């Protein structure tokens, strides 16, 4: 009798994706982050669902409802902090996952890569709207500043911003719609993640060498299921250390002050995972220019396949490209640091130099390095 997992219509899908999936035998721990992102997404949906049972999306009661969750709901505090810090873990995994894709040339799977970029945008939108919901000072002012960047769009900008706000300022209508979108988007992300996986399984996984591994595959289970479980345990360990010992480490103290439209916080800044993009936005004195740079700083990922000049797929055997890649990582860390600093000397000039460096590295130096490596190998 043939195994049910190979015949049942639903079990067959699971089997082909997680059990009998032919996988390269040499994929490293950098390939763990896909499954970790799946775990993060499930965790965020579950904790978010329980938070939504007690949260009220009204400007008068939103802040109090979050306080109520932490003080009066059984284990509400742990659910709230798992959700808040779970977002940070989500973005750490996301950045690692994208970085892995850049380093090992996984962007040559065009469909998978482009869906991934859409997923990144959707996740960033979800996280931004989630940050608005507790309705603290940074929530309200962050929403005001970030939605206001749309007013840079010529002719329709102001109307567009007021349409998104549902009035002439960030108020009850804005909070209610942000809650609605924050609730629905993770389910859209789940659907997109399935499409992402579908396209990946059309081609099979890449591997550190960048060479086709069709001649040598091993089943996903048990080899990579056990490896993913180890990754998941380490992820949960890191998350729980954060939640139980330093739950507010990555948050902003200003968000413990209820939103007050009459009092502007001294430094308006988003959560740490948006600081690199925020630094690029602030580095350009022109409003529209800053907004375009902000959007393009993420959208540049779509251009990666077109900017690939090397005849080798992976950076594993390309030392010049490796140097440029790690300089890019250092540059992004610099931008993240600058995004959290006040707009004053010397931070302004450092931010501007780091922003120029970011685009220069990706658009000019990486393609040049690929060509130099080709020539040095007489290819």
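From the backbone N, Cα and C atoms, a Cβ is placed for every residue, glycine too.
As the structure is a computational prediction, the values presented were derived from the model and not from experiment.
Annotation source Swiss-Prot lists heme b b562 binding site at 83, 182, citing similarity to another entry. Swiss-Prot lists 97, 196 with the feature heme b b566 binding site, giving similarity to another entry as the kind of evidence. According to Swiss-Prot, the feature ubiquinone binding site maps to 201, an assignment based on similarity to another entry. Residues annotated as transmembrane segment in Swiss-Prot, with similarity to another entry given as evidence: 33-53, 77-98, 113-133, 178-198, 226-246, 288-308, 320-340, 347-367.
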Here the binding-site residues are 83, 182, 201, and the Cα closest to that of residue 97 (heme b b566 binding site) is found at 201
Only counting partners 6 or more residues apart, tell me which same-chain residues put their Cβ under 8 Å from the Cβ of residue 182 (heme b b562 binding site).
48, 126, 129, 130, 133
Quick one: do the transmembrane segment (288-308) and the transmembrane segment (347-367) reach 3+ CB pairs under 8 Å, ignoring pairs fewer than 6 apart in sequence?
yes
Report, as numbers and ranges, every residue of the chain located at least six residues beyond the transmembrane segment (320-340) whose Cβ falls under 8 Å of a Cβ in that stretch; write 'none' if there are none.
99, 102-103, 269-270, 272, 274-280, 282, 310, 347, 350-351, 354-355, 357-358, 361-362, 365-366, 369-370, 372-373
Least buried by Cβ count (within 10 Å) of the binding-site residues 83, 97, 196, 201
201
Taking the Cα atoms as reference points, how far is residue 196 (heme b b566 binding site) from residue 83 (heme b b562 binding site) in Å?
24
Between the transmembrane segment (77-98) and the transmembrane segment (226-246), are there three or more C-beta pairs closer than 8 Å, counting only pairs 6 or more apart along the chain?
yes
